[in-house]
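Participant: Below are the structure tokens for one structure; questions will follow.
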Amino acid sequence: MELLRSNLSRVRIPEPTNRIYKQECCISFDSPKSEGGLFIDMNTFLAFSKECVIWNYEKTRNPVYLHIKQTKKSIPEDRPLKKPTRLAIGLDGGFDNNEPEYEETVSIVILPDFVSLPFPSVELPEKVRLAVDAILLADGAERKEQLASWIADKKQVSAFATNLQQIDDGVVIPRSGWKCCKCDKTDNLWLNLTDGMIFCGRKNWDGSGGNNHAVEHYKETNYPLAVKLGTITADLGAADVFSYPEDESVEDPLLAKHLAFFGIDFSSLQKTELTTAERELDQNTNFDWNRIQESGQEMEPLYGPGYTGLVNLGNSCYLASIMQVVFSTQSFCSRYYKNQNLKLAFETAPADPTLDLNMQLTKLGHGLLSGKYSIPAEEKADIARSTTPIKQEGIPPRMFKAVIAASHPEFSTMRQQDVLEFFLHFLDQVERANAVKPELDPVKSFKFGIEERLLCSSEKVAYNKRIDYILSLNIPLHEATNKEQLEAFLKLKAEKSLEGKEVSGDEIVRPRVPLEACLATFSAPEEVQDFYSTALNAKTTALKTAGLTSFPDYLVLHMRKFIMEGWVPKKLDVYIDVPDVIDISHMRSNGLQAGEELLPEEVAGVRNVEPGKPSPNEDIVSQLAAMGFNYLHCQKAAINTANAGVEEAMTWLLSHMEDPDINDPIEHTSDQPFVDESKVDTLVSFGFSKEVARKALKASGGNIENATEWIFSHPDGSDLDMDATSSSPSCAADAGLPDGGGRYKLKGIVSHIGTSTHCGHYVAHVHKDGRWVIFNDDKVGASIDPPKDMGYLYFFERLNS
């Protein structure tokens, strides 16, 4: 006790704004449930495992710690299984997540000799008692960043239910035999509660569902509420009622009265249809879901070094799938595991290691690759009698997610994200973190150069070059190898549609496109219209081809499965036949060739004019663009009306749509508008030169997304950051890029299940130790049938000759 009193100056009572860690070690994934428990520094409120707490003492000389140890309580063997009555996890009435109960013990520990004092104790100094109470009562920093228990949104009472007007036209709904009033559909039928008309539901993205007749009826009549026939039973609360003006499933407290108006006795009806919520939950019966997750397979669970799962923090599967593949590469394994130990990373980290990307990547690398946390979860009472293999508990990447997402408004949310966007953001952050010692940067193993050759009608050429991390490929559906089967399937689908039926899952035929055909689209010649030739001083048509100036250690292929049809995003339902080994040697670009003449160096399409014209106001441009107008046209409208306002700009735009120069590039004035340098740096990180980045930002009013589109749509105006006159792939701009042969072996696959990159689920498959392994969040097992033809991202490892 005297030792504690002598160190009271190192004890702080936490303020409400202090971040208190008490669920997980800042350096490892140990928790209060671990063998040594967790030690909370009573000065900084950071938490450490028993192994790591001594490192913190040596670094900070903070001696007083709150030790929390949780021990599992025994569970009676005869504990009954609970049937869920609510669509929730971990809440009363929801799915039982089988979490065991723990008994918690707390004590005060003084380092370096680990002197322990019991808590609670009246002998403890008041300052210590107040500090401990505040720590124990506070919500942990990890908890604040963690997703709350998942539960489907509770249906709200419709604003249109109470005063719903019903039309008495003598309509009486029979007990069965329903059919859409406008087509032959006999399922997915909705009864409008105003006039008693029955129509089919919406058509799904894949062609299934109804023919949109119910929603079309609403648009014609504005009758707001409809109930799905087949979901009406004695339990009226489970009936599926949809409100069109509110655009969501709702609760109708007067549903019994509204049904009785049309002669429906709900008490004797049986359930024959899935509700909207049930159909969403039923996605695990979908073919893609089962195939990608290898559901139904007797999968062997895997444990040990390199086979550690990641706990889903709530829509974090995009992060988990990428990190499993990334840490299977030699570059990241060496940088953050083999050549970087936890103690060294902590010693070089700032005062708060939870905010240091290098520390958290090292923590994650050791967590995934050491095997320390890859052990079977202890059997729980509810699954002890099950024949299902016991999965591991996995590690929660909370701190890593918090630090990698800190600078990104979307990744810091709990919403689902595009795995490609996250991968590029991740590489950018890691590259920045290693800027002081670029020789240690593992990101360079993904870097490669792309060279575009532009041949204009003058027979002169231009070479534009850039750095990239992924090769994004179009999918040429016309190159499908199973066209006969596709034609037969489409014929069958049309016939069944006429009969009001849908094709079954095992009847569906998807196009099969070889990966070679996708790679060919990248290198294929492409016409560039309205190319401004500095040799001709006029617009002409140029021929563009592309190739790689270097071959990276790891080649990442992105399959463009998500396309836009008009304003509607659509996912291509297609298989890609991907071989285990590919050879892209033929895709190497060799720069300026003998006998070729370069176009004059003047940047095409940009002419200096008299000063005085303003830069376009981004607010005006954005509002016009949101109405569907061409972005360049919107900029011109803002400029030519001196940014007077949206109405003035629209008036100008509508009267100048047919101007012959409406599509010409915007002329730059000698008065250069202000450009945000942070946005310039962002574009530079994408591989563009500062000059091009500034030009694009000026042309797009400072919007990064529009600037990126401007660069790719103006090859004649984008003088990128590699030497345009180089005749060798080993030019100065390529210096430092890895290079080698063009033969690659398939190393990893990230697959997506769902209709959009911002919903659904991501799963990773990685080839390691001579076999394919599936990483599905915290589930890790030997893959029996890896979905090589269903990938969204493919990771290839270069084969050394």
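Glycine residues also receive a Cβ, built from the backbone N, Cα and C atoms like all the rest.
All TrEMBL annotations are machine predictions without curation.
From TrEMBL, here are the annotated features:
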type	residues	note
DOMAIN	156-266	domain 'UBP-type'
BINDING	Cys180, Cys183, Cys200, His213	Zn(2+) binding site
DOMAIN	308-799	domain 'USP'
ACT_SITE	Cys317	active site, nucleophile
DOMAIN	615-656	domain 'UBA'
DOMAIN	674-714	domain 'UBA'
ACT_SITE	His761	active site, proton acceptor
Participant: Compile a sequence-ordered list of residues in the same chain as His213 (Zn(2+) binding site), six or more apart from it, whose Cβ lies below 8 A from its Cβ; state 'none' when nothing qualifies.
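Facilitator: Expected: Cys180, Cys181, Lys182, Cys183, Lys185, Phe199, Cys200.
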Participant: Could you work out which of the recorded positions (Cys180, Cys183, Cys200, Cys317) has its C-beta surrounded by the smallest number of other C-beta atoms within 10 A?
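Facilitator: Comparing Cβ neighbours within 10 Å for the recorded positions Cys180, Cys183, Cys200, Cys317, Cys183 has the fewest.
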Participant: What counts of helix, strand and coil residues does DSSP assign across the domain 'UBA' (615-656)?
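Facilitator: For the domain 'UBA' (615-656), the helix, strand and coil counts are 29 helix, 0 strand, 13 coil.
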Participant: Taking 8 Å from the centroid of the Cβ atoms of Cys180, Cys183, Cys200, His213 as the cut-off, which other residues in that chain fall inside it around the Zn(2+) site?
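Facilitator: Other same-chain residues with Cβ inside the cutoff are Cys181, Lys182, Asp184, Lys185, Leu189, Phe199, Gly210, Asn211, Ala214.
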Participant: Per DSSP, what is the residue count of the domain 'UBP-type' (156-266) in each of helix, strand and coil?
Facilitator: 19 helix, 22 strand, 70 coil
Participant: Give the mean pLDDT for the domain 'UBA' (615-656) on the 0 to 100 scale.
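Facilitator: PLDDT averaged over the stretch: 79.
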Participant: Could you state the whole-number distance in Å separating the C-alpha atoms of His761 (active site, proton acceptor) and Cys317 (active site, nucleophile)?
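Facilitator: Between the Cα atoms of His761 (active site, proton acceptor) and Cys317 (active site, nucleophile), the distance comes to 6 Å.
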Participant: Which number gives the other C-beta atoms within 10 angstroms of the C-beta of His761 (active site, proton acceptor), all protein chains shown included?
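Facilitator: Here the count is 22.
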